[in-house]
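Student: Just dropping this structure here.
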Amino acid sequence: MAETFEFQAEISQLLSLIINTVYSNKEIFLRELVSNASDALDKIRYESLSDPSKLDTGKDLRIDIIPDKENKTLTIQDTGIGMTKADLVNNLGTIARSGTKQFMEALTAGADISMIGQFGVGFYSAYLVADRVTVVSKNNDDEQYIWESSAGGTFNISPDNGPSIGRGTKIILHLKDEQTDYLNESKIKEVIKKHSEFISYPIYLHVQKETEVEVPDEEAETVEEGDDKKPKIEEVEDDEEDKEKKPKTKKVKEVKTEEEELNKQKPIWTRNPQDITQEEYAAFYKSLSNDWEDHLAVKHFSVEGQLEFKAILFVPKRAPFDLFETKKTKNNIKLYVRRVFITDDATDLIPEWLSFVKGVVDSEDLPLNLSRETLQQNKIMKVIRKNIVKKALELFTEIAEDKEQFDKFYTAFSKNIKLGIHEDSQNRNTLAKLLRFNSTKSGDEQTSLSDYVTRMPEHQKNMYYITGESIKAVSKSPFLDSLKEKGFEVLFLVDPIDEYAMTQLKEFEGKKLVDITKDFELEETEEEKKQREAEEKEYDGLAKALKNVLGDKVEKVVVSHKLVGAPCAIRTGQFGWSANMERIMKAQALRDTSMSSYMSSKKTFEISPKSPIIKELKQKVEADGENDKTVKSIVQLLFETSLLVSGFTIEEPAGFAERIHKLVALGLNLDEEPEAAADAPAADAGVAAAETSDNAMEEVD
């Protein structure tokens, strides 16, 4: 008895999109179904390594493609792991994968439908060419079942009492009238060669061949039998010849079904790299990754000696949509042992920061019966991992030699490089050479750290950088002024991960990396030193007064020679968070608040003795004292504007807004009390405004 199930809502939407699509490259359905068949074969082969009896239901691991022109069906059959009834219900309809929604969003945004495999929903591409799909599946742990749907919102599942398929899955596509081209032998061969030539299992196409065979000619025999009844003329000489008379035959055409292997090519990684064309690498990359674009770069190498393995590593042109999804298992490197697929889930084979690299590794030394647990402990795996990282870095360095290629690479994977600097202490310095940043001297282009070093003036000891939310924000920062005056270049770090990377890197080619939003010592001449000491002495009283007014809001107030145009700014201590890091940490939903209070910045309020505002404020404090209302108001306003310009947020934005509004009112000669101003005669308005202007700043608190 067939059971009817409803498709999950998102899958129904996806099917509707696929059925009504106008995409011309519908051939990708075959790539997806063959790829799924290969995955199913991988699974049963892996299980059989620990339990050989799993293959008792069929040792021949293969994929068959069977076109039937008479019934307009195309069948793709594998001898893989097969699906239980529960698998059929869940995998083909009721449970949406994480990629379903993302794929629909990508489709509606104009992405190509050939991306479907990357989102884990490749099976549904069958509906590009079929109006009805039947799936027959047999798993070792369950009976044989049939799944069937015309994608109308529901699907049926029933026990299959027909011929047993042993183990595996048979997908029967009932083709649309306009898609019967996919029943032609030449078309199927073309699509398989293009997309699936490097699948690890043999793909057999069932082709009908017409041959001529000789069969007994029964009609001729009948005629001869009739001749026997006629009177015989005796011939003595030919007695022996008559005895040896052969039966008569005729030639007839017979149609036989033959199996033709479509992917006889041996594994590409076992071949000499010099014999492999770029087209072959591109075809292999696409079959490996489900990408519809060619790769950006490839590294094909073998390691020999105490340890032997071959590998091919590919760098894609784009970052995948789920590159930094922590819960998703990364299966970009397929591990083989002596050409036998073991797993694509060997997390220890490649570090997380390299998770965008795709490829295969084929080891001669690992045991075939490896479990995922023993993989993690295996010493050979550690050596393979070290070599993969080394070769990947060589590949990135090669890409860097071509600016156009490297720009594409860096746009897509700069975050991975920075994550590598943060996590991989051994390769930190090599990775640092790949970093690119905008700077005060680079214009619209980005500069490398090596190029920065070549431009450093002789008297510059350190390399300087500033962190912030955007290039627009940091390029106007008051912290840049004194360094620009000295001709020192400053790097702009505006990616949230930049600061994490720099705190681990610390130095480059012997030069210390310095964050100019934190306390640091700026190179100075003897004359500059004398001037600074004199100004510190002169403004020491003002600094103490401002500290008293601001209290615990700042750790200290200092006279600064690092500010030029701005009257004041707020710098943080060497060991706490910078303003930028504080902003990033506050945005973390699951942040540790106790850690935040411990690490939050110790603020230093810097005042510039060169600023007319500070000079005037000094006189005001000396004349009226630090407790004067106007002094307190001015100091508070200067502090809050410094917070903003230095990259911090204001804790009480309403109070800040009120002070700004009072200042605006003062500039416009407006009365503080609008109702009173409205009641006053027009002639008195000017007098009221004039009186207000003298008192307004005193009331700004």
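Quick reminder: no glycine exception, Cβ is built from N, Cα and C everywhere.
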Student: In Swiss-Prot, which of 22-26, 597-601, 697-701 is tagged motif 'TPR repeat-binding'?
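Tutor: Per Swiss-Prot, the stretch marked motif 'TPR repeat-binding' is 697-701.
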Student: Looking at 546-571, 676-701, which one is region 'Disordered' according to Swiss-Prot?
Tutor: 676-701
Student: Return one of helix, strand or coil for Phe123 (ATP binding site), based on DSSP.
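Tutor: Phe123 (ATP binding site) sits in a helix per DSSP.
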